[in-house]
Every structure is written in structure tokens, then in C-alpha cells.
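> Sequence annotations record features per position, and here TrEMBL assigns active site, nucleophile to CYS74. The active site, charge relay system feature in TrEMBL is assigned to HIS169, GLU171. Annotation comment: TrEMBL describes GLY42, GLU43, SER44, ARG103, ILE132, ARG133 as L-glutamine binding site.
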Amino acid sequence: MLALQGDFREHARVLASLGADVALVRRAEDLDGIAGLVIPGGESTVMDKLARTFGVFEPLRARIAAGMPVYGTCAGLIMLADRIVDGIEGQQTLGGLDITVRRNAFGSQNQSFETDLDIPALGERPVHAVFIRGPVVDAVGPAATPLATLSDGRVVAVEQGNLLGTSFHPEITGEHRFHEYFLGKVAAA
Ligand code: GLN
């Protein structure tokens with residue numbers, strides 16, 4: 001778990017319940033022996049600044065480029081995007097996903113909403129998705145694949161090799177299939 005900021009405890013609980021050995025990553029040395037990483041929801045502008053202040057930004061970038069499996073939710077999806085619109089001045093992302101994300105695409109905190117999504121990759125039962133000031137994927141480049149779309153066609157989950165990202169928060173709804181799917185990637189890697 002990247003544990004600089006955000007709801008990393010909720011993710012850690014889900015991962016541990018699925019049998020994963022969970023460690024918290026805050027500094028470069030914490031990456032030693034890590035087989036995969038989850039980047040939680042929170043605030044991408046703050047996470048970016050803290051990652052650079054703690055000296056973990058560049059090492060993380062290198063590990064992602066080298067193929068480490070990473071799953072990002074919401075702010076974590078923003079951190080994984082190659083391109084960002086509506087970022088703050090100077091905001092950087094770790095990158096890896098060939099997508100353009102738009103921050104706060106659904107409006108402010110009190111415009112948060114929940115909906116059910118059909119995600120064939122995870123089986124027939126719909127995924128209950130909670131959006132909390134989440135981003136939307138504005139453009140999906142040729143290297144990335146959309147996994148889920150809203151009824152209006154906007155993309156809210158993507159996959160690219162060992163990278164997985166969702167605009168929403170499975171870690172707070174009892175939905176474990178994304179984490180299971182991700183742990184499958186970690187095991188395979
Ligand atoms: N709006 C936040 C950001 O820009 C993301 C919100 C979330 O992670 N729930 O990083």
C-alpha cells in the first residue's frame with residue numbers, strides 16, 4: 001500500500017482479508033521486497049507532493065516502468081495516468097496508463113454518487129461503485145483498455161498490462177473482485 005495519504009487502511013483491510021501480506025510504503029526503501037502496489041483514494045495533488053518530498057516518486061516511477069503490478073483507485077487512478085487535465089499547476093503523475101484523466105469530473109464532494117456497473121472481466125454480478133469527487137477517463141490511448149463505462153459511455157475503469165485503475169472505491173463497499181483480480185496479477189508477475 002502506498003500510505004502517504006488517503007484511504008490506505010481500507011484497502012489494506014481488504015487485501016489482508018484476501019490473504020495478502022500487506023506492507024505500507026512511504027519511502028524508497030519500503031519498496032524493497034514489494035511485489036505489487038495499491039495507490040488509494042485521497043487527494044492526488046497532496047499524494048504527488050508527499051511522494052516527491054519523501055523521495056519515493058522517482059523510485060515508484062521506475063518500478064512501474066519495470067512492470068510492477070499497480071492498482072490505483074480514484075486519486076490513485078490519477079497518479080497512474082500518463083496525462084491529466086484539470087490538475088493543479090505543477091502537478092505530476094507517476095504515469096504508466098496510456099490515458100488522459102480529468103480530475104473532479106463529477107463535481108464537488110456533495111455530488112458524490114453510487115451506481116451499479118457491468119464489468120464482464122469480473123463476472124456477471126454488477127459492481128456497486130461509489131464515486132467520491134472522482135476522476136473520469138477522458139481519453140484511452142491504444143495501449144490501455146477500458147474495463148467499465150457509465151451508462152453515458154464515460155470510462156471509469158481501465159487496464160493496461162499489470163496496471164489497473166478505477167475512478168471509484170471498491171475498498172469501501174465490500175466489493176473484493178477488483179482486489180482479487182489485482183492479486184492475480186501480482187501472483188502471475
Ligand atoms: N478529487 C481527488 C483528486 O483529485 C480524488 C478523490 C478521491 O480519491 N476520492 O485527487
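Using N, Cα and C of the backbone, Cβ positions are placed for all residues, glycine too.
Note: TrEMBL annotation is automatic and uncurated.
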> Filter the recorded positions GLY42, CYS74, GLU171 down to those with CB closer than 6 A to an atom of ligand 1; keep them in sequence order.
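Near ligand 1, sequence order: GLY42, CYS74.
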> With an 8 Å cut-off on Cβ distance to the GLY42, GLU43, SER44, ARG103, ILE132, ARG133 Cβ center, who else from the chain surrounds the L-glutamine site?
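For the L-glutamine site the neighbour list reads GLY6, GLY41, CYS74, ALA75, ILE78, ASN104, GLY134, PRO135.
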> List the same-chain residues at least 6 positions away in sequence whose Cβ sits under 8 Å from the Cβ of HIS169 (active site, charge relay system), in sequence order, or say none.
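Listed in sequence order: ASP7, GLU10, GLY41, THR73, CYS74, ALA129, VAL130, PHE131, ILE132.
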> Most Cβ neighbours within 10 Å: which of the recorded positions CYS74, ILE132 is it?
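Top count of Cβ atoms within 10 Å goes to CYS74.
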> Non-local Cβ contacts of SER44 (L-glutamine binding site) (under 8 Å, 6 or more apart, same chain)?
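Expected: ALA75, GLY76, ILE78, MET79, GLY87, GLN91, THR93, ARG103.
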> Ten-angstrom check, please: count other Cβ atoms within 10 Å of the Cβ of GLU171 (active site, charge relay system), all chains counted.
27
> Checking the spread of the L-glutamine site as listed (GLY42, GLU43, SER44, ARG103, ILE132, ARG133): what is the longest Cα-Cα distance, in whole Å?
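The two farthest binding residues have Cα atoms 13 Å apart.
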> I need the most crowded of these binding-site residues: ARG103, ARG133. Count other C-beta atoms within 10 angstroms of each C-beta and give me the top one.
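When each Cβ's neighbours within 10 Å are tallied, ARG103 leads.
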> Near GLY42 (L-glutamine binding site), which residues of its own chain have a C-beta under 8 A away, given they sit six or more steps off in sequence?
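Expected: GLN5, GLY6, ASP7, CYS74, ALA75, GLY76.
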